[in-house]
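A.B. asks: According to TrEMBL, the record shows the following:
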TRANSMEM  B:12-37  transmembrane segment
TRANSMEM  B:71-89  transmembrane segment
TRANSMEM  B:101-122  transmembrane segment
TRANSMEM  B:142-168  transmembrane segment
TRANSMEM  B:189-219  transmembrane segment
TRANSMEM  B:231-259  transmembrane segment
TRANSMEM  B:266-285  transmembrane segment
Amino acid sequence: MTSQSVTTAAAASSGPSRQTIFVGILLVLALAAPFAVYPVFLMKGLCFALFAAAFNLMLGYVGLLSFGHAMFFGWSAYITAHAAKEWGLTPEIAILLGTFCAAGLGAVVGWLAIRRQGIYFAMITLALAQLMYFVALQAPFTHGEDGIQGVPRGHLFGLIDLSDTMNMYYFVLAVFVLAILFLYRVVHSPFGQVLKAIRDNEPRAISLGYQVHRYKLIAFIISAGLSGMAGSVKSLVFQLASLADVHWHASGEVVLMTLLGGVGTIFGPTAGAYLVVTIQNYFASAGSWVTIIQGFIFVVCVLAFRAGIVGVFAPWLKKRGIEA
Amino acid sequence: MMTLFGIPTAALFGQLLLGLINGAFYAMLSLGLALIFGLLNIINFSHGAQYMMGAFVAWLGLTYLGANYWVALALAPVIVAAFGIVLERTMLSRLYKLDHLYGLLLTFGLALIIEGFFRQLYGISGMPYAVPKELAGGWNLGFMYLPIYRAWVVFASLVLCVGTWLLIEKTKLGAYLRAATENPALVQAFGINVPVMITLTYGFGVALAAFAGVLAAPIYSVNPLMGSNLIIVVFAVVVIGGMGSIMGSIVTGFMLGILEGLTKVVYPEAAGTVIFMVMVIVLLIKPAGLFGKGA
C-alpha cells in the first residue's frame, strides 16, 4: 500500500500520471471513433455502457444483484420520449426529467427491496420490474405494443440541432463521460468506501455504527437514476421508447454486460456493453440465436471467467498505476 | 341467471376454477424451488424452462412417437429430471462454495439457452395438445360447467403436493433431507452421502416442474415462452410465502392463484399485477414472508 502510493506520488510529480494518460487515450479514441465506425452503433453502445456502469454500482460496490434494472431504463425512456414529443421539452430538460423520475422510482423500489438480501433481493427487484412492465403495457400514454415512436431529438439548450448525427454523438459522449466521472467520484468517496465495507462484511459495518440500510438505499437511488439517464438518452438516440426496454430481457442483458466486462471495475461495464451490443447487431437477423449465445456467455462467465474481460487485466494495470 | 354479489355465478366460479388451476401450478413450481433452495442454496432460474421442457417432451412424444398423455405424464418428468441431473453434476455442483448469486446467474443463462433453442426450432406461436379422451368433456354442476380435465389438474396437483409434503415431513428419507438442509456437514459425518442427496433433490425438483408442464400442456398451448412469464410470478409467490416451509409454499401458491382469479372477476385490469401488489404489502408488513424465518 505504502510503496504503491509512493510510486503514484512519484508518477504524479514527473508530469501527468499514468491514469491520466490512460484515460486521455481512451477519450481521444472516443472522440475519433465516429469517423471510423457507424455513429448510431457507437451511441447505442454508450447508452448501454452507462446503463451497465450504473448497474455495476449496486452489484460491484454494494454486492446486491438487482434483476429489475430495466424498469428504470425503460420507464425513463417513456417519460423522456413523452416529454419531448407531447410537451415539446428541450432534450436536456426531458433527460433530466427522466433521470429524476427513475431516481424517484428507485427510491420506492429500493426502500422495499433492501429489506431482503442476496437472492431474495434479486427476486423482489425482478417481480417489481414485472409489475412496472404490466403498468407500461396498460398505461395509455405508452401506446402499448407500438411504443412512443418518432420522438424528436430537438435542439440542445435550444441552440444545437441534435438531429445531426455528429452533434448527437458528441452530446451522448459528454453525458456518458460526466456520468462515469460522477460514478468514479462516488466509488472513491468516503461514501463509496462505506459501500465496499458493507459489501465485504455487513455485520462489521453495522457494528461500526453505519446505518447500512441508508447507504444501500442511497446507492440504489444513484444507480436507478443513472440507469434512467441511460434510458432517456437512448430514447432520443433511437427516437423510440418501447416495451423491449422494460422487459426482463433488458434486465438480464445489463447483468450480462457487467459480468462479461468485469464486476466492480470502472471500464468493465463499457467493454461488456460494446461486446453484447456487437453480438446483438451481428446476429440480429438470426432469430433466437442472440438469446442462445447470451445464455452461453452467461454460463461460461459464471463457470470459468468470473473476473470478466477488464477484471483479467486489472491486476496487471494496477501494478502500473492504472485503475481500470 | 343466478348472481352472487351482483356477479353471475357462472363467471365467478369459472374464474375461481381458473384461479385454482393457476394456483396449482404456482404451488407445484414454488414447491420445487423451495426444495432445491433448501438443500442447494440456489434459486433455480431455469425452473420455468424445465416446466416448458416437460410440456414439450409430452408434445414431441405424442407427435413423433405416438406416446399418449399418461405415458408422457409418467416419463416426461423422468427425462427432464435426467437432463437436470446432468446440469447439476456438470455445472451447478462447481458453484456450491461460491456466492449464491452465481447459481442464479448460471441457471438464468441455462434458461436463456433452453428457451432460445426451443424458440429457434418451434417458433413462438405454440402447439395445441389435445385433452386425453379419458378426461374429455365436463360435468354440469348446475351453477357452473366443470371441464373434467381441469378438475383432474387440481386433483393431481393436490395429490402431488400433499405426497411431497408427506415424503419430506413423515419419512426417514425426508428426515435425512431436512437434517441435511440444516447442517450438511454433520449429516455427512453420520455416513449419509450428501452429494448424491443434493443431486437427487435437484432432479426431484426439476421433475416436479416437468410434471406441472405436462399437466399444463392441454390447458395452455405448448409454447417455448410458457415458462419464463410464469417463473417471475412464482418468484413473487416464493417471496410472499418465504422458502422456509413446504406446506407454506403449497398454501401460498393455491391462495394466490385463487386471489388472482377473484381479481379477474372484480377488477380485470389488475389481474396480472395483483400478486406483485401482495408481495409489496407482505414486504412492508412481514419482510421474511408469511411462512419464512429470518431474512
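Start at 1 and count along the chain as shown; that gives each residue its number.
Backbone N, Cα and C define each Cβ position, glycine as well.
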A.B. asks: May I ask for the residues of the chain that lie six or more residues beyond the transmembrane segment (B:12-37) and have a Cβ under 8 Å from a Cβ within it?
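C.D. replies: Beyond its ends, the transmembrane segment (B:12-37) has Cβ neighbours at 4, 43-44, 47-48, 51, 143-146, 150, 153-154, 157-158, 160-161, 164, 168, 201-202, 204-206, 208-209, 211-212, 215-216, 219, 230-231, 233-234, 237-238, 241, 243, 245-246, 249-262, 264-265.
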A.B. asks: Counting Cβ pairs under 8 Å that sit 6 or more residues apart, are there three or more between the transmembrane segment (B:189-219) and the transmembrane segment (B:101-122)?
C.D. replies: no
A.B. asks: Same chain only, please: residues at least 6 beyond the ends of the transmembrane segment (B:101-122) with a C-beta under 8 Å from a C-beta of the stretch. Say none if there are none.
C.D. replies: 40-50, 52-53, 56, 87, 91-92, 95, 224-225, 227-228, 231
A.B. asks: Should anything in the same chain at least six residues away from the transmembrane segment (B:71-89) have a Cβ under 8 Å from its Cβ atoms, list it; otherwise answer none.
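C.D. replies: Sequence-remote neighbours of the transmembrane segment (B:71-89) are 40, 46, 50, 53-54, 57-58, 61-62, 110, 198-200, 202-211, 213-215, 217.
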A.B. asks: Hey, which bits of the same chain come close to the transmembrane segment (B:231-259), Cβ under 8 Å, at least six residues off its ends?
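C.D. replies: Sequence-remote neighbours of the transmembrane segment (B:231-259) are 16, 19-31, 33-35, 37-38, 43, 45, 47-48, 51, 111, 161-162, 164-165, 168-169, 274-276, 278-279, 282-283, 288-293.
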A.B. asks: Which bits of the chain, at least 6 residues beyond where the transmembrane segment (B:142-168) starts or stops, bring a Cβ under 8 A of a Cβ in it?
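C.D. replies: Sequence-remote neighbours of the transmembrane segment (B:142-168) are 2, 9-10, 13-14, 17, 20-21, 24-25, 27-28, 31, 35, 131-132, 135-136, 174, 177-178, 208, 211-212, 215, 218-219, 246-247, 250.
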